[in-house]
Amino acid sequence: MSQALMNTAAATAETDAAMSFKQNEKIVYENNKLHKRLCRQVGQAIGDFNMIEDGDKVMVCLSGGKDSYALLDILMTLRERAPIKFDIVAVNLDQKQPNFPDHILPAYLKQLDIPFHIENQDTYSIVKRLIPEGKTTCSLCSRLRRGILYRVADELGANKIALGHHRDDIMETFFLNMFFGAKIKGMPPKLQSDDGKHIVIRPLAYVKEADTERYAEVKNFPIIPCDLCGSQENLQRKQIKGMLREWEKKFPGRVDNIFSSLSTVVPSHLMDKELFGFADLKATGEAMANGDIAFDEEPCSTGSTSIPGIIPLRADD
């Protein structure tokens, strides 16, 4: 090989190495930014809804999915930085699904050096026995799992139960209840458990599913698929998820507005007579902040600006 070719090859190798170094730097930067964003969003949700207080013992429900892994990881980070003291115990419910790799979670949790508990309960057989083939198992599975987790929380002395539901889950539940249950009802970030003994929290309430997916890849979490319910096709939740994904693609910002609307509810402008005292409403002679003036200030009512995805009415409609 001539000296010129050798010089060219060396220069090319140096250029490739420099590009590779820059790419790696960018990846590290983006991954660090993702971690900071998740910590900020989880911390904000905890603060906004007073999810965790000094002296709490938080039972983190770990399913082996990307979301619960992310939840545990971020809570462990925040615990080190928080101005308050709280304990974490990770709990997995082994439902005895066929081919469930029951060695993965114990091995992972031992590496973290945190308290954990594996609860063995054969809910899989119960669900398969009671639910006809082809029918959705989610509802019964959820009820059985919930009851077991409440009992385990009692046994472990945990007063808070942390679940890995994220922002997308909350919006999907909102539309599921609206479309199929005729209710304006979502998935609250904090609520009292059915038995009245615990507070259930969802610290990922502000976190997008896309971020937990990416974070799982970055952290290389040992994901365990759910063969009981996750593999079922044509679930209503999947239809809603597809609808929201399509909206986000066609009309950027719409899904963000929907999520924001869940925190800016005006009961006087809905139709729930239990939520607002329509029957007792009287004219007081004083202007009301949420009166008809609210309709005059709608941002979408100015000029002829069209709303993406909405067909405007003709004058004679």
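Each position is counted from 1, following the chain as shown.
Cβ coordinates come from backbone N, Cα and C, glycine included.
For Cys138, Cys141, Cys229, the entry in Swiss-Prot reads [4Fe-4S] cluster binding site, with the evidence type sequence analysis. Annotation comment: Swiss-Prot describes 63-68 as motif 'PP-loop motif', evidence class sequence analysis.
The local packing around Cys138 ([4Fe-4S] cluster binding site), expressed as other Cβ atoms within 10 Å of its Cβ over all shown chains, amounts to 17. Reduced to three states, the DSSP call for Cys141 ([4Fe-4S] cluster binding site) is helix. Cβ neighbour count for Cys141 ([4Fe-4S] cluster binding site): 19 (other Cβ atoms within 10 Å of its Cβ, all protein chains included).
Counting residues per DSSP class in helix, strand and coil order gives 3 helix, 0 strand, 3 coil for the motif 'PP-loop motif' (63-68).
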